[in-house]
Amino acid sequence: MFGILNRGHKIKGTVVLMTKNVFDFNEFVSTTRGGIVGAAGGLFGAATDIVGGIVDGATAIFSRNIAIQLISATKTDGLGNGKVGKQTFLEKHLPSLPNLGDRQDAFNVYFEWDENFGIPEAFYIKNFMQSEFFLVSLTLEDIPNHGTIHFVCNSWVYNAKSYKRDRIFFANKTYLPNETPASLVKYRKEELENLRGDGTGERKEYDRIYDYAVYNDLGNPDKNKNLARTTLGGSSDFPYPRRGRTGRKSTRKDPKCEIPTSDTYIPRDENFGHLKSGDFLTYAIKSLTQNVLPTFQKAFGFNNEFDTFEDVRGLFEGGLYLPTDVISKISPIPVLKEILRTDGEQVLKFPPPHVIRVTKSAWMTDEEFGREMLAGVNPCLIQRLQEFPPKSKLDVTVYGDQTSTMTKEHLEINLGGLTVEEALHGNRLFILDHHDAFIPYLERINDLPTAKCYATRTILFLKDDNTLKPLAIELSLPNPGGKGANSRVILPADGGAESTIWLLAKAYVVVNDSCYHQLMSHWLNTHAVMEPFVIATNRHLSVLHPIYKLLLPHYRDTMNINALARQSLINAGGVIERSFLPGEFAVEMSSAVYKSWVFTDQALPADLIKRGMAVEDPSSPYGLRLVVEDYPYAVDGLEIWDTIQTWVKDYVSLYYPTNDAVKKDTELQAWWKEAVEKGHGDLKDKPWWPKLNTPQDLIHTCSIIIWIASALHAAVNFGQYPYGGFILNRPTITRRLLPEPGTKEYGELTSNYQKAYLRTITGKVEAIVDLSVIEILSRHASDEVYLGQRDNPNWTNNIKALQAFKRFGQKLKEIEEKIMGRNKDSSLRNRNGPVKMPYTVLLPTCEDEGLTFRGIPNSISI
């Protein structure tokens, strides 16, 4: 008889779960709150409590402690809700089930069934143990007249007393709200209510509640008044995307600010439950920033200078001697031991960054300086110059006239006979403009004890070989007498003091760019803007909703890494403030940039057109033509953007054939309304927000979200160490202004240009801090899930959706081959540049872990 097992009228199921990991981040923090020293014993001593004696026999522990009840989608009880079956418990442990993942355990479970129960498409689960577990999946086999049903769960399940309602999971079927079987409507609605909460109280570890809050937890005024920071979000002066609400208590000194903590709440399922302990990268960041980096200050603080470029290269060749107390804080931590490469010796040694692996000094060339604006770690800021001289968008009544002081004569010296007008008309002049972002803060930045810098504008010329040649750099300071700026224009030079001044001018540009990249291009434009979409999706789109299934992989670990950033990276006194020029003003500067953020401009074609890097052209691929044909980020990115949009169109079309289908989807409309009005509430009245009235609106909106989470983040994140690991190439701080003629420092420009450069840029301690962190941020985990991949093949039961997804993956493989082919084309000089470093960061996949400089993860997970 089909579907009926020998055990009688019973359905066989297989439950896959993971026990609580000994390296679970929150648990580790709580067990090692006193510091890392001596943590080896404490950590492994805690393992017994965490695992809960699982080694004594999984079957004995789980057999009467985890109960499941099936819920019918086709048969109802007296109230019209799906029938709930009898409670049944896990049975036999299956230690060798095929395809069982790392640290996963499988168990049999048997359910009584008869035809009056119908088809189960949901289930309740209760955990009667004190320790939580991570439920991966439930698979029901041979349902009579139906076959196999998959439940993809991926959720932490705590003791049943932790929840007001029983935990419920749904099968991998997809229903629009108005198509939901009547028997499941109540369950679908209640689960969303569970996830929204009531907006009150302090969140507990086991909570799964998603809600919004402003960025009021970066400072710590109770500890030190100098650690007070402006609240970002909730005002027109300091607008910001929202973060996840924690409900923590306020500080004593400022009731509007939350008390910072090392145990920041995020909804439990947003916490890492899948990483192997050996490459728990965010755990490494936490340990590094709180325990190891302070010892670097002690170890190297007495001599915070590199004396030669060779000293800097020594970080990757011979290494730096480390005192014993520093080693003792690294050795118990496998990730740090690997990253900092002490190898049991008292030497700190970093891996060679890609930018110096082939040539040691090509980073200094003007061609590489220009190339990295097209194929570096921040390739989405350069613009085509469309008016000369460049003008400012700053308020004239506040800042005065900030128009550039560059003249035609400054440029035409190196234009090869062209006039500025001819070069402008021929689309051959480009600008990297950091003036407006820095001028409002520069006076305060330069008052900091270790920071001295300029606001910069750089104009470049597009040569016949498609490379960019820098023509002039403008260095500006606020006018000490009032409004306007004091500016100086620096031109390229080949010898003497002038050549060192040119090298220093490029350093001021790169420091502007490094800071803008880290705070705006990277943190704000990917991490921060994505979190509201994560929150709104979980609050308003059921797991049964097609758009939930589409977007879910692109949210993986984002809230977790963002919470970690607030704790250790962008917080008051954190890594960014200590190792980047703006110091305490860093995150506040990103708020000023958010004022002009436009959601629809995040689509790559719109971004390129807005920056003048492309023009609309119906006869060209993707409907636009690049002004710089050899623009690696744009060329590779457009292929990926188009493929993402095609996949989203194929998928959305399966569920939304008409405009009405979009308009009448109550969950969808509530999702987008809240994402805009609450998640990005400070910009909610902007006219550019799309309305979800048509399938095309939905396709474009989802494509932008996926693009930001995947390719855009990959482009601005995974090149950080390959380019910036060599601090000479991408310094993060300048500590002094250009020297005045007649001074000792001016004499060094000719007598010892390396010393002049090194005394100007990032010092030794700050460089080590920066390198230590960006190496972690640039790494891929061993279980990374890349664009075109899913962590579970049963994420949907829709065959057409699975087929469309397969086409998506195949297309990405084709793009990968094209990118590798372009990198081998010697006529495309910007693909490798003088440093001979192929542009691989947008290769979609990667088979290796670590510092690969390739691979597009689905989500912002690091």
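Cβ coordinates come from backbone N, Cα and C, glycine included.
Annotation comment: Swiss-Prot describes 44-171 as domain 'PLAT'.
The region 'Disordered' feature in Swiss-Prot is assigned to 225-257.
The residues of the compositional bias 'Basic residues' (242-251), classed with DSSP into helix (H, G, I), strand (E, B) and coil, number 0 helix, 3 strand, 7 coil. Swiss-Prot lists 242-251 with the feature compositional bias 'Basic residues'.
Mapped onto three states, the DSSP output places Ile862 (Fe cation binding site) in coil. According to Swiss-Prot, the Fe cation binding site annotation covers His522, His527, His713, Asn717, Ile862, on the basis of sequence analysis.
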Residues within 8 Å of the His522, His527, His713, Asn717, Ile862 Cβ centre (excluding the Fe cation site residues themselves): Trp523, Thr526, Ile561, Val716, Leu777, Ile860
Asn717 (Fe cation binding site) - helix vs strand vs coil (DSSP): helix
Lowest local Cβ density (other Cβ within 10 Å) among binding-site residues: His527, His713: His527
Surrounding CB atoms that lie within 10 Å of the CB of Ile862 (Fe cation binding site), all protein chains: 22
The domain 'PLAT' (44-171) [mean pLDDT, rounded to integer]: 84
